[in-house]
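Annotation source TrEMBL lists domain 'G-protein coupled receptors family 1 profile' at 85-360. Residues or ranges marked as transmembrane segment by TrEMBL: 69-93, 105-128, 148-170, 191-211, 241-274, 305-324, 344-363.
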């Protein structure tokens with residue numbers, strides 16, 4: 001804006017020229033205003049999923065109450081607990097007592113992938129709903145800003161978690177149903193290569209996930225008086241061929257059909273073998289007194305098998321609804337019921353990634369011992385002696 005004293009000092013045009021100039025300027029301004037209004041109206045009429053103009057993003061769309069309750073208020077404390085539990089599990093399974101068994105390597109990687117699921121789910125699912133509940137719009141801004149990256153990370157970690165569960169089931173099946181071949185089939189180098197292969201596959205399979213969502217613009221939202229990033233699906237995510245091949249076939253088969261089939265088949269055979277072993281153990285006890293060492297070893301093997309079966313059952317329980325939602329999505333389903341199922345499914349995935357520690361505590365003596373060791377900071381001489389005794393009992 002030009003100061004008025006500069007206008008009176010520098011402008012010396014005749015009055016009639018000023019009048020003509022003013023009328024011309026007003027006419028041009030009116031024409032510009034009409035043109036701008038027409039353009040804005042045209043942009044509003046052309047608003048679609050790919051329109052990046054802020055004209056199409058003037059209002060903040062609030063979440064439904066059920067979403068805010070389940071994924072915001074309920075999920076946040078579960079995520080906080082799950083992150084601490086999984087970090088603790090990672091430390092326990094990498095301790096020298098536990099890492100001597102290669103099956104615990106799967107559980108360590110599973111704990112790490114579950115941690116990534118919870119961290120990314122916090123930013124993608126919980127933080128914006130929690131921020132909306134508190135009217136803390138900065139939380140929503142942060143969430144939307146990192147969602148394109150966190151979404152890809154979440155899907156990669158979820159694939160890793162699924163296949164670590166499958167991997168530990170395959171490992172246990174070989175150890176229980178083919179015990180004499182397990183040494184040949186499961187050397188530590190082969191187990192390491194298998195785990196690395198599963199991790200590599202998880203990353204490659206979800207590479208396109210990082211290109212499905214993008215920030216199109218940062219727009220002012222009138223109803224909350226705050227600037228907010230606009231998240232939109234990319235052209236890749238809206239491509240019919242990509243949707244049909246990846247979501248319709250590849251994702252359904254890789255994430256649900258193959259894992260569920262293997263988990264149910266392998267763990268059914270492991271459970272049957274455990275039952276046979278238990279019956280044989282009872283018969284041997286009736287005929288003659290078994291050696292103490294043999295009884296402890298068999299009890300430990302049964303406990304390990306039951307613990308892993310419990311992990312698989314928890315996984316199937318929490319992920320079956322995800323399979324149902326995937327089928328409904330492929331069939332073009334939508335509506336309030338579908339959105340409710342998706343919200344419930346997301347909460348169940350968060351619960352599954354947080355609660356494996358309960359299974360470990362219930363069935364593993366060494367896990368409970370090491371948890372007490374770290375939880376109470378029992379790094380005294382007595383605590384070290386307890387660990388030394390546990391190590392000697394394994395040899």
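Cβ coordinates come from backbone N, Cα and C, glycine included.
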For the transmembrane segment (344-363), sequence-distant contacts whose Cβ falls under 8 Å of one of its Cβ atoms, 6 or more beyond its ends: 70-71, 74-75, 78-79, 81-82, 85-86, 88-89, 92, 107, 110-111, 114-115, 117-118, 121, 125, 158, 161, 303-304, 306-307, 310-311, 314-315, 317-319, 321-322, 324-325, 371
Contact set, same chain, for the transmembrane segment (69-93): CB under 8 Å, 6 or more residues outside the stretch: 63, 99, 104-105, 107-108, 111-112, 114-115, 118-119, 121-122, 125-126, 129-130, 132-133, 343-344, 346-347, 350-351, 353-357, 360, 367, 370-371, 374-375
Tertiary contacts of the transmembrane segment (305-324), as residues 6+ beyond its ends and Cβ separation under 8 Å: 103, 162, 165, 168-169, 172, 176, 256, 260, 263-264, 267, 270-271, 273-274, 341, 344-345, 348-349, 351-352, 355-356, 359-360, 362-364
Mean of the pLDDT scores, which run from 0 to 100, over the domain 'G-protein coupled receptors family 1 profile' (85-360): 89
